[in-house]
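Have a look at the structure below before the remarks.
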Amino acid sequence: MLNNITDCEEGEGGPNSQGDGNPKESSPFINSSAASDAEKSQQYDGKNMALFEEEMDTSPMVSSLLSSLANYSNLPTGSKEHEEEENNEEGARPSKKPVKAPQLGTLMGVYLPCIQNIFGVILFLRMTWMVGIGGVFGSFVIVFMCCSTTMLTAISMSAIATNGVVPAGGSYYMISRSLGPEFGGAVGICFYLGTTFAGAMYILGCIEILLIYIIPQAAIFKIEGLEGAEAEAALLNNMRVYGTIVLSLMALVVFVGVKYVNKLALLFLACVILSILAVYAGVIKTAIDPPVFPVCLLGNRTLLSKGYDVCAKVIEIDNETITTKLWRSFCDSESLNATCDEYFTNNNVTEIQGIPGVTSGILAENLFGNYLEKGVFLEKRGLASDVDPDSPITSSNRYVLSDITSFFTLLVGIYFPSVTGIMAGSNRSGDLRDAQKSIPIGTIAAITTTSTVYMSCVVLFGACIEGVVLKRQVRVSGNLVIGTLAWPSPWVIVFGSFFSTCGAGLQSLTGAPRLLQAISRDGIIPFLRVFGHGKANGEPTWALLLTASICEIGIIIASLDAVAPILSMFFLMCYMFVNLACALQTLLRTPNWRPRFKFYHWALSFLGMSLCLSLMFICSWYYAIVAMGIATCIYKYIEFCGAEKEWGDGIRGISLSAARFALMRLEEGPPHTKNWRPQILVLVSVDADQNVEQPRLLSLTNQLKAGKGLTIVGTAVQGTFLDNYTEAQRADQSLRKLMEMERVKGFSQVVISSNLRDATSHLIQVGGLGGLKHNTVMVSWPRNWKQPEYHQQFRNFIEVVRETTVASMALLVPKNISSYPSNGERFTEGHIDVWWIVHDGGMLMLLPFLLRQHKVWRKCKMRIFTVAQLDDNSIQMKKDLITFLYHLRIDAVVEVVELHDSDISVYTYEKTLIMEQRSQILKQMHLTKNEMEREIQSITDSSRGSIRRKNPSASRSQHSAEEGTSVAERPEEEAQLIHSKNASTPTSPTSPTSPAGPAGGAATWTDNRGADKGKNLFAASPESVKDLFNMKPNQSDVRRMHTAMRLNELIMKKSKEAKLVLLNMPGPPKNRVGNENYMEFLEVLTEGLNRVLLVRGGGREVITIYS
């Protein structure tokens, strides 16, 4: 990645551009070619910055960086954005219930139940009114649109229902298993509410027929003699009282014996079919002998039938003109000279035939709609009327007025419930002899039949009945309008509609509790689990009680026209998701999607879904928003609190497809600087019981996740895959549990290898997938690394540092991780101090910003320290740094600390000498004969081609080589004695005196192998042991120790009380020698600090000043 980050100040076509076609980033910071190698080497001359001289090729000093801020131009050249998908954890599959023995065929099992559920109260009570208000054309559009919606939904439902067995729950089961428990629960509850409110609508229709057409005298609140709002209020109160009584009786019947409801279903269906046949018979009869149905008009206004006995102003009896009841209604006396209503005086009374017949040609007059405001006169088209626009309206109670303000969307909302009920067949799939065949045929045939009836009724009503009669919503001359048309008697329609509404109400009160019970037993909505219980025979007692309570809400509303749009919303939402489920399954092409019903297509499903969504907002936009809000709340509740289910749903398939698409997009190129965020691989270790040893690493990870991004928590298990798979599973469960406890969103990964070093390397190499890979590694500082038993641990640690450097990954090393705050702690004050010594991409700036987004660190202030040497202008550096932070939109206090040249102290010299002596002694103690031979050969080969960067000493190399020519054995006791003697040398309290270091550890850190190979070779010879007391420390190591101690003094002086110190982490030795010395330098650098986060950049810019 370092090669991709170049300095392109001249643009993409500049001299430094790489012509491979990949997007590049211009940066004056990393790997800049502006400075020559000689200049870079000069930046590290002297003793102060010797600790970082290994980084000179890629990491410039901050002092040289700040001067180039004015020319910073990091333009987005092909930026790519991240797309992330998180999969739910797998849950247990619900067990399938045994299916009853199949008995029913297509006719009895699907077709007739669908017919019974589709035909209902709207056909008998509101269809004629809809034709009168909307016109034949408008009503036909409404019917066609609604029937098309249900037909498309039936096609989608048939595909889903024939893709396997659909147990109890019907549509809920189909949606939940296709779209997941969240959608299934939300839509299942909506379907349940729709079915419940449908029961309320059927009961209200039943009461309306009973009180208006069968026994009006049974009204508790008398309607006779009341007019306008008073009559309407009395009717609603009657419906509330009787509706509650009927609801209680129906609930009792359902509770006592559902079998009686099922036995009466055929009787109720027969009533519906007979009523429809009576309507068709009546239409045929009107062509031969139209029924006598006079309607009296004054001008073009329709008069109430109770306001007159004869449709005339006066009549002649025995050559004497006598005024009629109609005259007395509009005049102040019976005499011909009485003062009468102006409109009555100016207009004539005419009588027309209310049902002129199918051959009368009235269809042309009823073709187009006439939407009315509430209280407007019902007027006949084509008749003249003499009206004075300035005169006040009087005697309005003598005319027929519109009952409700009407508009197109209202008609859609009121009518749509009459096409619902298409799920009746799929709900009984377990009782069908051949569900794969019966459900599609029976459902589609039922919808075709009912749609044909509805469309033909629209045309026939418009062709047979006068417009002013159609527009009346309540009774005409004591009968239903459709009843007056029917043959042989209006009572066929009255009783047929009454029994059909009773039957439909009972069916709703029977089906809704079972649907709620199915949802409750799935356990996806915790607070509904109580409704999954019932009687010993499985009858849902508690669910029935809740259903009756919700149904009572619809009864209290009392208006059929107000309840109908409510249940339309819930049914439409259910149908919409059935279509969505079919479309998704088809497009995702899941292997299990093999429906027997072949006549479906994803485009039809999307069309049906679009129609459902459109109809929801056409019917009532505010009801639609409420219904969607309820569904959203249920969805979120299930998502956060519900039981986790894995049903192989389509949403999981969408997640997989979206994840694949996002990963393929990420493969197109690295993310732009603006989109960079730490994708962290957290390396943790586990104990013998597979428990995580450093849980605070995950706490720190959570606090860093304000930048979101990927998190992988990885660990290694030593052994073979076959023998240690169980331990790996336990370790994975332990990681998942800790991640859940620390609220870390991400993935866990456990690698089994015969060698822990290799396992860690594998995690770094193969973690992530495609373009969604980690770019940052977090590993804890090795504890007790100086103890002999931990020498392998710090060797592995240094290898991790090397591998992240080679892989261009950032590295975070928290030291004293146990002292870091947990997620529940809060710092009310304090500082996060950043010691910016070399610039390696901006990680030091980004990490404190991310930490301060978390509530643990939110109250901490940020301070940035940078180091100025003797030749630097510290005042200008501070100004430049403040400007840079201003452009970065980061608030921080800036301080430039001057680090002048100083002489190396005797203490530093002795500390370095003891460090090197201990390394040599430990090497003698641990090297085997074969290792010594390999070491001799390695150092001999490398020394021939080594080139010292600074102050080469050929004589010292020659002397070292001479020392290495004789290698003899030396008793281990003498080596231990020498070590003890050196350990007694006066040192500081923190001087490392305990033996440490891996086998093969060396005294040098860089390429000074030629100067020190003799030290590596005097393994145990008497001469070499004597030389331990006379050896001189390597000057390079002395300079590094001096840098570490001077920086530590400054950090302790400025940041001892800081809550967290972030510090550039020096690079590891480039060769395999000097590991122990490297650890010692880092130990000295961070000595005395409580919380330290050592940071190494990944070799690219991670922060930008541009928006």
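Glycine too: its Cβ is placed from the backbone N, Cα and C atoms.
Bear in mind that TrEMBL entries carry predicted annotations, made automatically and left uncurated.
Taken from TrEMBL, the feature compositional bias 'Polar residues' applies to 15-36.
Residues or ranges marked as domain 'Amino acid permease/ SLC12A' by TrEMBL: 110-283 (among others).
A Cβ distance under 8 Å defines the sequence-distant neighbours of the transmembrane segment (200-221), meaning residues of its chain 6+ beyond its ends; these are 120-121, 124-125, 234-235, 237-239, 241-243, 246-247, 250, 417, 474-475, 478-480, 483, 494-495, 497-498, 501-502, 504-505, 508, 551-555, 557-560, 563-564, 567. Residues or ranges marked as transmembrane segment in TrEMBL: 200-221 (among others).
What TrEMBL records for 241-258 (among others) is transmembrane segment. With a cut-off of 8 Å between Cβ atoms, the residues of this chain six or more beyond the transmembrane segment (241-258) that come close are 199-200, 203-204, 206-207, 210-211, 220-221, 502, 505-506, 509-510, 513, 539, 541, 544, 547-548, 551-552, 555, 558.
Sequence-distant contacts of the transmembrane segment (264-283) (same chain, six or more residues past either end, CB-CB distance under 8 Å): 112-113, 115-116, 119, 123-124, 291, 358, 453, 457, 460, 464, 482, 485-488, 492-493, 495-497, 499-500, 502-504, 506-507. Marked as transmembrane segment by TrEMBL: 264-283 (among others).
The feature domain 'Amino acid permease/ SLC12A' is assigned by TrEMBL to 401-681 (among others).
Using a Cβ-Cβ cut-off under 8 Å and counting only residues 6 or more beyond its ends in the same chain, the transmembrane segment (404-424) has close neighbours at 110, 113-114, 116-123, 126-127, 130, 133-134, 138-139, 142-143, 145-147, 149-150, 153-154, 157, 170-171, 194, 198, 201, 369, 371-374, 443, 446-447, 450-451, 454, 473, 561, 564-565, 567-568, 571-572, 615, 618-620, 623. Taken from TrEMBL, the feature transmembrane segment covers 404-424 (among others).
If you look up TrEMBL, you'll see 444-465 (among others) marked as transmembrane segment.
Positions annotated as transmembrane segment by TrEMBL: 566-587 (among others).
The transmembrane segment feature in TrEMBL is assigned to 599-624 (among others). Sequence-remote contacts of a segment are chain residues at least 6 beyond its ends whose Cβ falls under 8 Å from one of its Cβ atoms, and for the transmembrane segment (599-624) they are 145-146, 148-149, 152-153, 155-156, 158-159, 408-409, 412-413, 416, 440, 565-566, 568-569, 572-573, 575-576, 579-580, 582-583, 586-587.
Feature annotation from TrEMBL assigns domain 'SLC12A transporter C-terminal' to 695-812 (among others).
What TrEMBL records for 827-952 (among others) is domain 'SLC12A transporter C-terminal'. Across the domain 'SLC12A transporter C-terminal' (827-952), the prediction's mean pLDDT works out to 72.
Look at TrEMBL and you will find 983-1004 tagged as compositional bias 'Low complexity'.
The domain 'SLC12A transporter C-terminal' feature in TrEMBL is assigned to 1040-1107 (among others).
Same-chain neighbours of the transmembrane segment (444-465): 106, 110-111, 114-115, 118-119, 123, 127-128, 131-132, 135-136, 139-140, 143-144, 147, 150-151, 154-155, 158, 276, 279-280, 283, 286, 354-358, 360, 362-363, 366-367, 418-419, 422, 425, 481-482, 485, counting only residues six or more beyond its ends whose CB sits under 8 Å from a CB of the stretch.
Applying DSSP to the domain 'SLC12A transporter C-terminal' (1040-1107) sorts its residues as follows: 27 helix, 10 strand, 31 coil.
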